[in-house]
Amino acid sequence: MSQQPTHADTASSSRTEHSPTQEIEEKYENQDELPQDLEKDEEHSSHELAKKPMSAYLGVCFMCVLIAFGGFVFGFDTGTISGFVNMDDFKRRFGQQKSDGTYYFSNVRTGLIIAMFNAGLSIVMSMLIYIVGIIVQISSSDKWYQIMIGRILTGLAVGTLSVVCPLFISEVSPKHLRGTLVCCFQLMVTMGIFLGYCTTYGTKESYSDSREWRIPLGLCFAWALFLAGGMVGMPESPRYLIGKDRIDKAKASLAKTNKVSEEDPALLKEARLIQAGVERERLAGKAGWMTLITGKPRIFERVVVGALCQGLQQLTGNNYFFYYSTTIFKAIGLNDSFETSIIIGVINFASTFLGIYLIEKMGRRSCLLYGSIGMSVCFLIYSLLGTQSLYIDGPDGPTRQASGRALIFITCLFIFIFASTWAGGVYSIVSELYPLKVRSKAIGVASAANWIFGFLISFFTSFITQAIHFYYGFVFFGCLVFSIFFAYFMVYETKGLSLEDVDELYQSGIPAWKSSGWTPPSEEEMATSTGYAAYHKPQNEHVNDEELVERSSH
């Protein structure tokens, strides 16, 4: 059995390395340019900054919730389209007519209308694109491809939000609140899905013409305008501003979000620490796409883990229920499938609150592991009921009501487990997984995996369910079994760690299943760290512990 490396071993083996402080000193030929009190800040507060009262974080919490509203736009878009494809007027205008005079959507049209999600620009720009997409859809009278084009535009917008919002939140939030605040994005997604279900149910019951689908589309204007308006005056991320050498604006951003003066000692210290981290990243040089493969410590492995997390989030089968819930429940003989969708939306929204608690209490890794186990059991039972018990005389015949109710219960249980584990856990893990210099690229790769698998599932589900019906559930069951092994062997616990701590965790060499017990190095050990920056520092000079102490005392 391999022995876990100790911090003492790490420190002793790296005493010939340069400290992060010395690296920054080497960069500045004129010592007056060095961030003031950098050595003192690193030694005395490198990892454990004193937590301020919760009231001091109200500003940053409000800002993060406003940014997370992008998730609401994403969720509302998902919730409404699930109902559109089963509305009579929508099918009459954009569907195809059967020989008996009724209307339906072909598999291709359904998949294309539902599946168009991609990446874009910024939050404000994405909302402008979103509004254009809504206009294109509302103005269509009977052209299904016009709806598809509008879906492409709105998909570009909401795809952008799924990348930019969690990334922005993770950069501005304190590390002990990061998991909770990042999960607010998922909470907003579930709220949007729920209200989307409610809106389509209400318009379907109230109208029989185009208003039943045009009103929900029109409401999207309000959400887009609210989010775009909220971004006006929104301070940029302090890390971003310092990276652009706009130190004064970075201090102003910190002051605005923390409700303190720009000259507050704690704020100045925090700004200097961020500046030190940015300078360490600059010393490593510009990160290109090859850095995602060759970067250290273990950057490629972390990119793969992030991409698998996002891809497997889709392969859990959650969107199988969210996109096609009304269609599924109609297939099992429920006349008012819209009401059942609302029930799913309520469970999804309420369970996300539990997820926010569990992610901070149990940790990210445990949420994924136990969530995979629970969801795999649900899908196994769901698939067995659908294939062996639901139909009396085959898929085209009558169904057993008891089996139908059991399927709804299993569906609700699955949504409960997903919303409280994988839904928010994946966003938290991916937002904490990478060092600053590769974060945007690595998160982009991870999000691309999510979009690709999401597109494939939403496009092909209509074809597959028509061909093999509930046997499709066994595909998701297999993916969930794989996710159990993935979470156990590859996902590291990042709860409560700073971005620099995560580098140290991967550098330590401990296996993923022991990472929950790992603690960050002490301040002394961090002075001789062999983490991410150490891979890029020069090796022609040496500094010992005595020199480090002497350097810190001046």
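Indices start at 1 and increase along the chain as displayed.
Every residue, even glycine, has its Cβ placed from backbone N, Cα and C.
According to TrEMBL, the protein has these features:
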type     : residues : note
COMPBIAS : 1-14     : compositional bias 'Polar residues'
REGION   : 1-46     : region 'Disordered'
COMPBIAS : 15-30    : compositional bias 'Basic and acidic residues'
COMPBIAS : 37-46    : compositional bias 'Basic and acidic residues'
TRANSMEM : 56-76    : transmembrane segment
DOMAIN   : 56-495   : domain 'Major facilitator superfamily (MFS) profile'
TRANSMEM : 112-136  : transmembrane segment
TRANSMEM : 148-170  : transmembrane segment
TRANSMEM : 176-201  : transmembrane segment
TRANSMEM : 213-234  : transmembrane segment
TRANSMEM : 342-360  : transmembrane segment
TRANSMEM : 367-386  : transmembrane segment
TRANSMEM : 406-430  : transmembrane segment
TRANSMEM : 442-464  : transmembrane segment
TRANSMEM : 470-491  : transmembrane segment
Stretch of maximal Cβ-Cβ contact with the transmembrane segment (367-386) [cut-off: under 8 Å; candidates 56-76, 148-170, 176-201, 213-234, 406-430]: 406-430
CB contact flag for the transmembrane segment (213-234) and the transmembrane segment (56-76), at least three pairs under 8 A: yes
Beyond the flanks of the transmembrane segment (56-76) by 6 or more, those residues with Cβ under 8 Å of it: 123, 127, 130, 157-158, 161-162, 164-165, 168-169, 172-174, 177, 181, 184-196, 199, 219-220, 223-224, 226-227, 230, 234-235, 256-260
